[in-house]
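S.K.: As annotated by TrEMBL, domain 'Flagellar hook-associated protein FlgK helical' applies to 93-328. The domain 'Flagellar hook-associated protein 1 D2-like' annotation in TrEMBL covers 350-422. TrEMBL lists 445-548 with the feature domain 'Flagellar hook-associated protein 1 D3'. What TrEMBL records for 616-656 is domain 'Flagellar basal-body/hook protein C-terminal'.
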Amino acid sequence: MAGNLLSIGKSGLFAAQAGLSTTGHNISNANVAGYSRQTVVQSSAMAQDFGYGFVGSGTQVADIKRYSDAFLNTQVRNAQSSLSSLEAYNSQISQIDNLLADTTSGLSPALQNFFTGLHNLAANPSSTAARQAVLSNAESLASRFQSLDGRMQEIRDGVNAQVTTKVTLINSYASQIADLNEQIGKFTLANGNAKPNDLMDARDQLVLELNKEIKANVTPGANNSLTISIGVGMPLVVGSKQFELAVATSPTDLARVQVGYMTGNKMTVLADSSLSGGALGGLLEFRTNTLDRAQNSLGRIAIGIAETFNAQHKLGLDSKSAMGGDFFTIGEAVVGASLTNTPVSNPALAPQVKAAIVDSSKLTHSDYKVEYKNGSYWVSSTSGGAAVEINPFPQTQPQEIFGIAFDIKNAATEGDYFIVRPTIGGAANFNVAIKDIAQIAAGAPVVTNTPLGNKGSAKISEGSISKEYLAGAPTLPLTLNFDAASGELQGFPAGSTVYVTSAGGTPQPFVVGTDPILFKAGDNYNIGGVNVSFTGKPAEGDTFKISANTNGASDNRNAHALGKLQTKTILDGGTATYQSAYAELVSFIGNKTREVQVNGDAGEALLSQVRASQQEVSGVNLDEEASNLLKYQQAYQAAGKVMQIASTLFDTLLSLR
């Protein structure tokens, strides 16, 4: 009996010692990130049958329980992944928000100064100082476009660098998790399915750190292992095997780093949208949904200004009485062929895709994919929407789609594609073409005159020209006269076509010598691109003269027309001015920034909430552990007393003679 009592006391002593060690372990690791509280699980040892009944034989340690709730752990990981994504997004978009909205370094003040200079020139067209101010303000506007785009490119380069860093971190975490899976599996098999709690804590913490970089889904596996998958179910860790991510330059954009998935030695480029959550997901989402749009939108405004300003400037006369030329220069649309396209041995037969901007009013902030499928090329916006077929193909002439003329030669292999970025370089390549203030075409190339000898009250307008003038201007001077009997306006070149537009109407063609051209005050008469109108009532024989302007230095009519472009709705299909298009960009970035910040605050609150719930289960309560120390200390002392009594009884037996 004494021997059995000694064993019972010994079992209690060992159990209490395990409790003290576990409690001390909890206290020591209370501030260790990812540590889960542990406790000793005891059970009664097998009782012995003595005939009269079963007598207990002590206690045993059945398990060291780890307090961890898989559901709460998943909630914490998801909340952390979402918050990290928002934080990464916010750190980037805040830079663009500050850049565009700045009242001194943004585009608005430079744009306003440029048009203010034009208005001043219109008020004093012969002023050398006014012309110099226009040229200087134009240079400042170009510099502002370039600096804004340059800063965005710096942000893009920073995103590329961070994406590379994040991929390296993800691979490192995956490798460590795979190693821990292997160790945990070995210990589990070697110790009768007992769980190596501290290794499992370390692994869970690594999984949490992984979720800071990318959203990772966790599935329990055999022998206490975890399977980690990312994106659309791509395995990152399976047991002790790790799969790697890699980075590579985009096959269609050398300024873009993309993430790929390694299968053996082959890398498959992943769509940015397939990688969500974590800092990496936030960076990719920012680049796709905000940075690309911001840079494209800025380029679109630059292209719109250059295209429309150049078109009007070419209709003017400079101070040397020469027709105006391009005032600004812009770069071409960027076309990138996918590196995965099928190689063609004969360069003459290789697919060629060219894109030229022909209508800035139809441009969007999107890029376009040109893909060969089903025997034809299809153009689709990368922002979504239906694809448009290049028809016919082979082409007889470039086809305009979305304000872009697509010129495509040679068939490709099914699935080959190109990415067209029409506006990405618009701001970076925005420059002033003219260098001499005399080249500023502030005047109009035609002048009109109503002779003082006319008997009627009719007056001819000062005249303007449209783009048709550049293709085939009429021979000037031109004298028109009024025939009272027929009510016709005569004197137009024989055989020519005059387009007459009534108020609110559309141009109607009249062939001189065939169709009568009636005089009507308020109507616009266009002959070879020269536009005139009349007021008042003419009398028989009244004449009106249209001549070439020989004094461009003091004429302000084209300067007025150029200045009016400031308030003309040109972009977005003729619904937005330059300034309102920029304001829309600033508003979009500002609203998105606030949205991300609000969601970030909410995400931080959610993470704190679910982490608190998790810690209620897994966290170490030092007050509780102090109580457990006393409990196990008393149990240890009591077990020692049992062993002491067993020893005394044994000594008593030995002392019997």
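A Cβ is built for glycine as well, from the same backbone N, Cα and C atoms used for every other residue.
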S.K.: Is the domain 'Flagellar basal-body/hook protein C-terminal' (616-656) close to the domain 'Flagellar hook-associated protein FlgK helical' (93-328), in the sense of at least 3 CB pairs under 8 angstroms with a sequence gap of 6 or more?
M.R.: no
S.K.: For the domain 'Flagellar hook-associated protein 1 D3' (445-548), report the average pLDDT of the model, please.
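M.R.: PLDDT averaged over the stretch: 94.
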S.K.: Take the domain 'Flagellar basal-body/hook protein C-terminal' (616-656) and count its residues per DSSP category (helix H/G/I, strand E/B, coil), listing them in that order.
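M.R.: Across the domain 'Flagellar basal-body/hook protein C-terminal' (616-656), DSSP assigns the residues as follows: 37 helix, 0 strand, 4 coil.
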